[in-house]
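**Q** Pulled from TrEMBL, these are the listed features:
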REGION    421-443  region 'Disordered'
TRANSMEM  36-58  transmembrane segment
TRANSMEM  70-90  transmembrane segment
TRANSMEM  102-123  transmembrane segment
TRANSMEM  171-190  transmembrane segment
TRANSMEM  197-217  transmembrane segment
TRANSMEM  229-251  transmembrane segment
TRANSMEM  272-294  transmembrane segment
TRANSMEM  314-338  transmembrane segment
TRANSMEM  366-385  transmembrane segment
TRANSMEM  391-412  transmembrane segment
TRANSMEM  489-510  transmembrane segment
TRANSMEM  522-542  transmembrane segment
Amino acid sequence: MARWLPRSTDLSRFCQKLNRLKTLEDDMMETSFNRCLSTIDLTLLGIGGMVGSGLYVLTGTVAKEIAGPAVIVSFIIAGFASLLAALCYAEFGARVPKTGSAYMFTYVSVGEIWAFLIGWNVLLEYMIGGAAVARAWSGYLDSIFNHKIKNFTETHVGAWQVPFLARYPDFLAAAILLVATAFISFGAKVSSWLNHVFSAISMGIILFILVMGFVLAQPKNWSTQEGGFAPYGLSGIMAGTATCFYAFVGFDVIAASSEEARNPQRAVPRAIAFSLGLATGAYILVSVVLTLMVPWHTLDPDSALADAFYRRGYAWAGFLVAAGSICAMNTVLLSNLFSLPRIVYAMAEDGLFFQVFSRVHPRTQVPVVGIVVFGLLMALLALVFDLEALVQFLSIGTLLAYTFVAASIIVLRFQQQNRDVPAPVASGQPNPEPHEGPSGGELKEYESFSDKLKLVDRDKSKEQREPGQLKAAFEPYLEFLSDFYPGEVVTVAVVTLMVSAICLCSILVFGNTHLHLPTWSYSLLLVLFSLGFLLSLLLIWAHEQQHSTQTFQV
């Protein structure tokens, strides 16, 4: 029996394999994809991923049920929080211009097992999210025709009452996904062109909504007679922020497309900044217009914008809003179907998925197998499943992906850089030592003050510490940490930081309500987790990080 038990060396080797890091090629610009996307292409892809049905539905829902007109503040805070996450993606996208988004970033900095988990989280997030958007697209189009499609399907095909299954098969949602899959498989240039068309129509309609909305604006709708600007107070604003945050989750399509960008070091950070800025501006301005056109407490949560124009006597504008909503949902579908096969391709390339998905079509230069297979799976999900319950779990995937990317940035900053080996001298003779003079053996005399300054600078550079090592000022106090491998203490500190933050937030939110903690234990836990949080920050700060690189840094 004992001989079947694994030995400690086998377990150690297994754990090392689980945590091994991905090594990148010397030339990271070399790829089997077609590098054809410009900064504008990436920016419009990002806008398409973010400005979807949320602009037409989410604004009204949050304004009426959660925050009131202060939904504007909710979008500002959510946009700022998303910007912080987006800048982390921008640094990685510029530094590691490879497809795979959060999966790839985690693999090169944290380890294989974590990358595997994040990869599958992102895959499920894209699949469920894309299928849910397709069903919303179908429902929105059906509502324009007084639900004739739904009634026809239920009458001639049938309806069923089964848990987790939709009430009726949604053929329209499946069809739009199959059509989008066909277009995506033609290549990145075709996908980008199609996204341009839908984004242009969507932005044109948003511009019309803003101009028309400000003409019809009535400042009295923010007055105290209508409940005021922030009827639900600060708690309503923050609850609205939590909901509004998911309006911005589409920007990672830019990071996933970095292997198809012409100049990813410049294009990826710029595209992320531009797209997030434009999307945040659109959400804020539409919220202002919506809550000024009609009183916030009379909004229709399902179709707030169309209903607001209808009630002000402009029923024809409702059709334009509906067209804009459908175009916006098309761009989100394209964004999901564009990103998903590329993450699958990255996992297959690393041996963490079936190798067939790593094949790139020689003509279109896209992973056609991944596009077709996952397009069909997404269409099947939209056809028969009720996705309302599953959509609630999307926040878990987003939380994990953003957290690991942000943590990976810190870990990578404190890892030692691979130094290039200096090229040998052409003549074959060894380089002279810095202290040798023209004669080769005599010490050079430092006669001028500038020469002495150069000597001091050279001595300082010799003393310069590697990334991940303790700073000289902290060494006398934290000498026991010098024995650890460079960067190891920072990794542990980052994990402690995350755990302390989660526990601290949980105690603050649930301590007095759900957990019913006595005052002394509530205070003690707050102090302990606050100390853990601050100590982790101090330990990270006490170590040397990598010096500025040529690519974008947060």
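Backbone N, Cα and C atoms are what each Cβ position is placed from, and that goes for glycine too.
TrEMBL annotations: computationally assigned, not manually curated.
The shown structure was predicted, so the numbers you read here are calculated from the model rather than taken from an experiment.
A description of the local structural setting of each listed feature is requested, covering burial, neighbours and distances.
**A** For the transmembrane segment (36-58), same-chain residues at least 6 beyond its ends with a Cβ under 8 Å from one of its own Cβ atoms are 133, 136-137, 140, 188-189, 192, 195-196, 198-199, 202-203, 206, 243-244, 246-254, 257, 260-262, 266-268, 270-272, 274-276, 278-279, 282-283, 286, 301-306, 321, 324-325, 328-329, 331-332, 334-336, 338-339.
Within the chain, the transmembrane segment (229-251) has long-range Cβ neighbours (under 8 A, six or more residues past its boundaries) at 46, 48-50, 52, 54-55, 58, 61-62, 66-71, 73-75, 77-79, 81-82, 86, 89, 222, 272, 275-276, 279-280, 283, 296-297, 332, 335, 394-395, 398.
Packing against the transmembrane segment (366-385) from elsewhere in the chain are residues 33-34, 127-128, 130-132, 134-135, 138, 164-166, 169-171, 173-175, 177-178, 180-181, 184-185, 187-188, 336-337, 340-342, 344-345, 348, 356-360: each is 6 or more residues past its ends and has a CB under 8 Å from a CB in it.
Proximity of distant same-chain residues to the transmembrane segment (391-412), defined by a Cβ-Cβ separation under 8 Å and at least 6 residues beyond the stretch ends, is recorded for 84-85, 88-89, 91-92, 101-102, 105-106, 108-110, 114, 117-118, 121-122, 124-125, 128-129, 132, 246, 249, 252, 487, 490-491, 494-495, 498, 540, 546, 554.
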**Q** Please identify the stretch among 171-190, 197-217, 272-294, 522-542 with the greatest number of Cβ pairs below 8 Å relative to the transmembrane segment (70-90).
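**A** If we count Cβ pairs closer than 8 Å to the transmembrane segment (70-90), 272-294 scores highest.
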**Q** Using Cβ distances below 8 Å and needing 3 or more such pairs, separated by at least 6 in sequence, tell me whether the transmembrane segment (171-190) contacts the transmembrane segment (489-510).
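**A** They are not in contact.
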**Q** Short question: most Cβ pairs under 8 Å with the transmembrane segment (272-294), which of 197-217, 314-338, 489-510?
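**A** Per the Cβ count, the answer is 197-217.
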**Q** Against which stretches of its own chain does the transmembrane segment (522-542) lie, if we need a Cβ under 8 Å and a gap of at least six residues from its ends?
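**A** The answer is 410, 414, 470-471, 474, 478, 481, 489-490, 493-494, 496-497, 499-501, 503-504, 507-508, 511-512.
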